[in-house]
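Student: There's a structure below that I have some questions on.
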Amino acid sequence: MNILSIETSCDETSCAVTQNGKKVLSNVVFSQIKDHQIFGGVVPEIASRKHIQFMTLVLQQALKEANLTPQEIDLVAVTQGPGLVGSLLVGINAANVFAYTYQKPLLGVNHLLGHIYSAQIEHEINFPALVLLVSGGHTDLFYLTDHLQIKPLGTTLDDAVGEVYDKIAKNLNLPYPGGPLIDQLAQQGKDTYHLVRPYLKNDNLNFSFSGLKSTLVNLVMKQNLKDINIPDL
């Protein structure tokens, strides 16, 4: 079975073609990083416009790299949420048009399930399984007893880890996206600043990162940024 998958939940236009659920025939991604860098984060209106601009090109390239015609696609899958509404609509509309034009079945997918099941491309998931899902807009802990039998154990009560990285990077005058560079700098630093370690003494499995973000932002505001050795943070 050849599946065409379309993902536009945030700021990347992506189409992939997989065969029998395992073999990736193509995976084409148009990144908008440069378009959002000057703002230090994703601007929803810009994201949706860029999806409109590049959706058709990305889809055509995915089919080309997979060496398949539209008629050879057996199923169309598309992210239906969660995500930015304007961005999601572009992908959903493209999937609907493709499915209607070529008379293919259409499947809407929760993109968090996409994150979870991407692990299965290389390794089978052995149940029961514990999943820590960390992405740009989500930080969640799930317990899986079987396929699609998912119990939420915990989630962030405020900011997702990815959001915290980007907001902190902006306050430190670091480029967007902040995560990769902050990770690199952290490898070089010393444990000089003892920042708050959030939400450790609680009887649940939720997360909270707003306190850590606020502590660092306040530290930067109180001191001259030039006097702070960023890797030590």
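Using N, Cα and C of the backbone, Cβ positions are placed for all residues, glycine too.
What you are looking at is a predicted structure, and each value in this text was computed from that prediction instead of being measured.
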Student: So Swiss-Prot lists Leu133, Val134, Ser135, Gly136, Gly137, Gly179, Asp183 for substrate; which of Asp146, Asp166, Asp191 goes with them?
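Tutor: Between Asp146, Asp166, Asp191, Swiss-Prot records just one in the substrate site with Leu133, Val134, Ser135, Gly136, Gly137, Gly179, Asp183, namely Asp166.
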Student: With the cut-off set at 10 Å between Cβ atoms, which of these binding-site residues ends up with the most neighbours? Options: Asp166, Asp183.
Tutor: Asp166
Student: With DSSP assignments reduced to helix, strand and coil, which class does Val134 (substrate binding site) get?
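Tutor: Assignment for Val134 (substrate binding site) reads strand.
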Student: Residues with Cβ closer than 8 Å to the Cβ of Gly179 (substrate binding site), same chain and 6+ apart in sequence?
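Tutor: Once residues fewer than 6 apart are set aside, Gly179 (substrate binding site) is near Gly162, Tyr165, Asp166, Ala169.
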Student: Tell me which of the binding-site residues His111, His115 sits in the most Cβ-dense spot, judged by other Cβ atoms within 10 Å.
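Tutor: In terms of Cβ crowding, the pick is His111.
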Student: Cα distance, His111 (Fe cation binding site) to Val134 (substrate binding site), nearest Å?
Tutor: 12
